[in-house]
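Quick look at what TrEMBL annotates:
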type	residues	note
BINDING	N111, H116, E121	oxalate binding site
BINDING	H114, H116, E121, H162	Mn(2+) binding site
DISULFID	C34-C51	disulfide bond
DOMAIN	65-216	domain 'Cupin type-1'
SIGNAL	1-24	signal peptide
Amino acid sequence: MNMKNLYLAILYLLAASTLPFAIASDPSPLQDFCIGVNTPANALFVNGKFCKDPKLVTADDFYFSGLDKARTTESSPVGSNVTTVNVNQIPGLNTLGISLVRIDYGINGQNPPHTHPRATEILLVQEGTLFVGFFSSFPENRLFNKTLNKGDVFVFPEGLIHFQVNIGKQPAVAFTSLSSQNPGVIIIGNTLFGSKPPIDPNVLAKAFQLDPKVIIQLQKKFG
């Protein structure tokens, strides 16, 4: 038997002996939590949203308008305004794993340190100059930062804390796309100091190595 025939024979034996197999995985979370229940009476939600009858679907289920309009930032304590377009605004995004955001920044405005627990984010600067960055996880806690101008793009990896600051002399605008129909957002300051119910100030005082009175002041500000 020559080498070619031997090779074909080996392939045949391997194919003949291969057993059927399946690859499966759990669905990615589409909300903060989805508690399992044993009775339908207690079942109110699914991981995502219920699906509309395909016969009733229209083009409007995939449509949103108005992202060309500037949003005011004057009433924002951080000087920015975030317009979210996820599955709650476009029902057709359900199960598609993507969403969109417009961010308007006033002069010196920022999108403060936050994280998206369910999505990677890619940001495009439409107008202005932004200083952006994200932090790697412990123990390095490395800061990756960049100054972005009109047309520049930057990526924030899933789950990592990141931020954007308008360092230009004019208002700025950016659009971001996220790899989830409902990426979620955890704003670090709001979450830690504005939780309901509040965290014991002594816990945060020790964590941040601050006087508990400072923590109480922060909780009043964010509460």
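Using the three backbone atoms N, Cα and C, a Cβ is placed for every residue, glycine included.
Here the CA atom of H116 (oxalate binding site) lies 17 Å from the CA atom of C34 (disulfide bond). Long-range C-beta contacts of H162 (Mn(2+) binding site), restricted to its own chain and to partners at least six residues apart, with a cutoff below 8 Å, comprise P113, H114, T115, E121, V132, G133, F134, F135, F156. By a simple count of nearby Cβ atoms, those within 10 Å, the most crowded of the binding-site residues H114, H116 is H116. On the 0 to 100 pLDDT scale, the domain 'Cupin type-1' (65-216) averages 97 in this prediction. A sphere of 10 angstroms centred on the C-beta of N111 (oxalate binding site) encloses 26 other C-beta atoms. Residues V101, H114, T115, A119, L123, F156, H162, T176, L178, P183, V185 surround the recorded oxalate site, their Cβ atoms falling within 8 Å of the Cβ centroid of N111, H116, E121, which are themselves excluded.
Rounded to the nearest whole angstrom, the C-alpha distance between C51 (disulfide bond) and N111 (oxalate binding site) is 33. Apart from the site residues H114, H116, E121, H162, the chain places the Cβ of T115, A119, F134, F156, L160, I161, L178, P183, V185 no farther than 8 Å from the centroid of the site's Cβ atoms, the recorded Mn(2+) location.
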